[in-house]
Amino acid sequence: MSDGDPSLEEDVPKPLLVKVEENVFTPKITTPIYAGGVKLQHKRTDLAETESFLSDSQRNDLAFQQLFQDGDDAFHETEKAAQEKIGDIHAMSVLSNYQDNLSQDMNTDRIVMGGINNNPSLTFNDGVRSIDYVLVWESGRNDATTPEAYEQRRIFEQNLEHDGLQLEREEPEGLYGLNFVKIHVPVDVLRDYSEILKLRMPMKDGSQLRKSGRTNAILNAALYISKFSAVKTSNFIDRVEATWDKFISKIRVDPELFPERRHRLTAIYSKDKEYLFDTTSECFWTPSIRSRIVQFILDRKKFSKPGDDFAFGINRLISNCTYSAAYPLHDGDLKTPGSMRYLLYTEWAAVSKCLKYQPLDYVKDYFGVKIGLYFAWLGFYTHMLIPASLVGLICFIYSAATVYSNKPSEDICNYNSTIKMCPQCDYFCEFWDLKATCLQSRITYLFDNSTTVFFAIFMSFWAACFLELWKRYSAEMTHRWDLTGFDVYEEHPRPQYLARLAHVKRRQLNVVTGENEPMVPFWRMRLPATLMSFSVVALLVLLALATVLGVVLYRMSLLGAAVLRHNDNVLITYSPIMFTTATAACINLCFIFLFNYIYQYLAEWLTEKELLRTQTEFDDSLTLKIYLLQFVNYYASIFYIAFFKGKIIGRPGEYIRFFGHRQEECAPGGCLLELSIQLAIIMVGKQFINTIVEMMMPYLLSWWNIIRTIGRKRQLKSPLQWVKDFKLVDFPNMGLFPEYLEMILQYGFVTIFVAAFPLAPLFALINNVLEMRLDARKFLTCFRRPVPQRVTDIGVWYRILDSIGKLSVITNGFIIAFTSEFIPRLVYAFTHGSLEQYVNNTLADFNITVLEHPPLNSTYGGTMCSFPGYWDYKNGKDYAHSTWYWHIIGARLAFVVVFENVVALGTIIVKWAIPDMSGELRDRIRREAYVINSYILEETRARSQAGRDSQGDTTEPNWNHIASLSGSDFDLAAHGDQEDLAELRERAAAARPPPDPAGPPVDPAGPPPAPV
């Protein structure tokens, strides 16, 4: 019995329960996983169709009989035939509910080998050894031809060869002095560094597993039981599912081009346990793994003689111009079939395929987990935008259909009072007629009506559901891509981190890796870097706020400009607020893009100064800095319009002035229309400009790279793949950061201010459908192939998304309460029963004698003017807020409290109702871990027994004691060295209660040493 891992509670697993529906081996996924473009669901074999007529008790009896049956005894003939066809390993793979097809599982291997065969430039000149990495230097460049550069290259390449890498140097003719160093990783190096990097590698197929013992019985039971459907469906449900499958097949990825992957169990690679892995397979070490290992070596090799602690790493050599580039190769050309690159380019990156699902498994295999997870998140986010877009579009259509039945806007359009509105500025603004804002009031109604509250509540729940469903979907993808056991603390230190601490003598033991690493001095290095980083970020935030202030001053001055008052355009003359809002938003957008580049450069520099140990810590810190700066940069002007503009402007006769200017006023219908204009211009304009920049910048950088290398009048043409890839742009150091940042900022527009712009989800959906394919096209055509990186999730971006979701509840509540006119209309309708005379109720009449700077040469002959607000005349020039004003304020605050609590309660219920991981997936992970450990322990026992038999030792180890160890000791026994098993047996024997009731004897020698 185990006292730790619940999956090891019994020596015999429990694959059968009283009800077949509760069987953990039975596929029960009801929601499709659009991982590889194919809905993942288990399909019964013909044998299972026949055996489905068995009763539940008969199935249990047969399965138990199979479970306890010895693997070498006679077995059911039908089951034997099935096992000969698919192998015992299928029993473990069905735990993940993936369709088993060995020929389909090898599809990538065939494409990889086909790419090599179709393109000889992917191998060394011998045509056998693959090119895993390429280094390039230019003999025509002065910095690369100095004696120091030659010596650095010689030492660096010598160290690479000393580490086991194989190099082949070549200088093709007609390439203007470009020198290429091709790198191949032999198997011995792959074995060593796979163990160092703790790579999880696939275990052997079932045909290579041992055919005897209790492990085989476990696998047989799992295979047998998994063939029965857990849920019995009616013919009607089957017809509905068939119709749905036929419809959804139109947008699925073609299964013939991208066959669904068979899940293979993996374990952390160890040379001592190499018999568990199929290392003889041609594609056991994939090109992604090979390039990752080479990159790890290149980042840590020295290029000078001892004495210079900073002289290591390929990045340092590239920055010194000793080398010009270092990159792994694409597996083929974009126009030549037979490579994965060509297949992804034609079937995934094509804009014509934008309505189809993505082949995420193949994207992950080609680009690595990090990029694959980005496209998985982007696809999931885009799918989730569909219901939000539909609801927002329905709300907008309803608003457009009822715009002429809105009583307040119709009253404004038919306003016939002899009292005109007070001037909007000093001296140059004339008294104006409220009827002139008829069009503006009708447009405002499109965004400020009863559906606004409903849509805001809906989007708050949508944000909560999006995050919870993403966690659930991410758990499925994490298990599918075998990232469950990955730990970021196993990451090695960054080379830049070690270089900056090379002079530090004080060391400390890393309890995770067991290595002595330099300790960062707190007072001399850590604290000054942190204070400097905080100060510069605060300064940049103030700079962004100062920009917003400058735009506000522009709007104030433009409102009083005489040029607007003498314009022939009636819309500009009588509605200067709309004109100034549109122009100010465009100016603000230009400043936003200007500051983006400044923020990004400074954020990278500050983060490098903070001495962060791992790449994950570096990326998270950089992400938080840049997002904070971008948040202020993009949203500051929007927050100003939503919550500050027109709130404290004063009244005629007592205007609150700013630098001698009257503050901006909202239109009679409130500032919601201006907020919508600002949102639309910044959001849509940002997406449009970003799309153009993202697509044009790589081509411009590639063009500039070629001109810098060979000159403007020369052309670099060659059929060799490593030459073609040199012409591409190096994958940026920021990696996927700009892509994530763009989507997260968009998510903020979709959620934080959605009450003011219900069409935001629709614009985001249209953008993302194209963005997904344009990003894929950009990665395949413009960039060199990136080195794969292994991650478990989207990192700090999830915490940012969660914070945005919480902030959106607050902002939408305040926008509805204080920016829109929903609450005043609601209170008036509740009090008077209708909205008759509502417009007159929102206007207060002032004597024109109270105006401080009346308009010059006015033709208005009245003595009173109207001003939006709730004011009562007291005496002389004294006015005060009316009782109705305080009723409105109380209602606004009450709405905020009710709205926040209702939405918060709803989101809590949503989070409770949607677990982060399904119970079936949790059981599947635990069961797979048990099967893997059982198999490893069985293989280790067999090999240990064979070794003793060959030495004449017939002593049988007490394996029952080993099996009774706790989860951590069990893992040590399964994955540790064979000589540790004896110590574990002794520990297990010592842990047993002794038969003597007086208590256990005291061992003067102390407890046995812990296993290494």
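Each residue, glycine too, has its Cβ placed from N, Cα and C.
Marked as compositional bias 'Polar residues' by TrEMBL: 952-961.
Summarising the annotation, TrEMBL assigns compositional bias 'Pro residues' to 992-1012.
If you look up TrEMBL, you'll see 124-360 marked as domain 'Anoctamin dimerisation'. The predicted model assigns the domain 'Anoctamin dimerisation' (124-360) a mean pLDDT of 80.
The annotation domain 'Anoctamin transmembrane' is assigned in TrEMBL to 363-928.
The region 'Disordered' annotation in TrEMBL covers 942-961 (among others).
Among the features that TrEMBL reports, region 'Disordered' is placed at 981-1012 (among others).
According to TrEMBL, the feature transmembrane segment maps to 374-401 (among others).
Summarising the annotation, TrEMBL assigns transmembrane segment to 452-470 (among others).
Among the features that TrEMBL reports, transmembrane segment is placed at 531-554 (among others). Same-chain residues lying 6 or more positions outside the transmembrane segment (531-554) and placing a CB less than 8 Å from one of its CB atoms are 580, 584, 587-588, 591, 595, 598-599, 602-603, 606-607, 609-610, 625, 628-629, 632-633, 636-637, 640, 659, 661, 664.
Look at TrEMBL and you will find 574-602 (among others) tagged as transmembrane segment.
Distant neighbours of the transmembrane segment (622-643): 533, 537, 540-541, 544-545, 547-548, 551-552, 581, 584-585, 588, 592, 595-596, 599-600, 603-604, 606-607, 671, 674-675, 678-679, 682, 686, 737, 740-741, 744-745, 748, 752-753, 756, 795-797, 800, 811, 814-815, 818-819; these residues of the same chain sit at least 6 beyond its ends, with a Cβ under 8 Å from one of its Cβ atoms. The transmembrane segment annotation in TrEMBL covers 622-643 (among others).
Remote same-chain partners of the transmembrane segment (688-707), defined as residues 6 or more beyond its termini with a Cβ less than 8 Å from a stretch Cβ, comprise 589, 593, 716, 727-729, 738, 742, 767, 770-771, 774-775, 778, 782-783. Per TrEMBL, the feature transmembrane segment maps to 688-707 (among others).
Here TrEMBL flags 744-766 (among others) as transmembrane segment. Away from its own ends, the transmembrane segment (744-766) comes close to residues 381-382, 385-386, 388-389, 392-393, 395-396, 447, 451-453, 455-456, 459-460, 463, 627, 630-631, 634-635, 638, 642, 672, 675-676, 679-680, 682-684, 686-687, 797, 800-801, 804-805, 807-808, 811-812, 815-816, 819-820 of its chain (Cβ-Cβ under 8 Å, at least six residues beyond either end).
Sequence annotations record features per position, and here TrEMBL assigns transmembrane segment to 884-914 (among others).
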